[in-house]
Amino acid sequence: VWTVDSSNVVRISKGLWLLCNKTCYQLPVTSSDESSLKVVQAFMILSIIFSVVGLVLFIVQLFTLEKGKRFYMTGAVMLVCWLCILIAVSVYTARFTGRMQFFPSPHHGYCFILAWICFCFSFVIGILYLVLRKK
């Protein structure tokens, strides 16, 4: 749920793949918006993959490397995750925020807000991993 429109009659939500009214169906996209939506989808999937890789690297580095060499790769992977989230959410904000066909008063959904929160946290975590590697 990246965008929501709540009217008196019905609540409509739009995500990256589905448009839901009472039932959900594939998101109808115009040809001019299709490439932008594919970019957002791809970079959000990449950010999930990089965050999982970062978690696995953290656990592996915690138990295998000595102090001073830990978390270097984890920090780098989390900063790549941060960059993927930045690209995805920025493209979505620029192309899709505030304009929805047949939506009189759209507002942001919880996933859009969570994506910006994850953007902030992944940056902080990436920097902390790079700082903690020295201790």
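Just so it is clear, glycine is given a Cβ too, placed from its N, Cα and C backbone atoms.
Where the annotation comes from TrEMBL, it is an automatic prediction and has not been curated.
Long-range contacts of the transmembrane segment (39-59) within the same chain: residues 16-17, 71, 73-74, 77-78, 80-81, 84-85, 87-89, 91-92, 96, 115, 118, 122, 125, 129, each at least 6 residues beyond the stretch ends and with a Cβ under 8 Å from a Cβ of the stretch. Residues or ranges marked as transmembrane segment by TrEMBL: 39-59 (among others).
The transmembrane segment annotation in TrEMBL covers 71-92 (among others). Sequence-distant contacts of the transmembrane segment (71-92) (same chain, at least 6 residues past either end, Cβ-Cβ under 8 Å): 2, 36, 39-40, 42-44, 46-47, 50-51, 53-54, 57-58, 61, 112, 115-116, 118-119, 122-123, 125-130, 132-133.
Annotation comment: TrEMBL describes 112-132 (among others) as transmembrane segment. Within the chain, the transmembrane segment (112-132) has long-range Cβ neighbours (under 8 A, six or more residues past its boundaries) at 1-3, 44, 47, 51, 54, 58, 70-72, 74-76, 78-79, 81-82, 85-86, 88-89, 92, 97.
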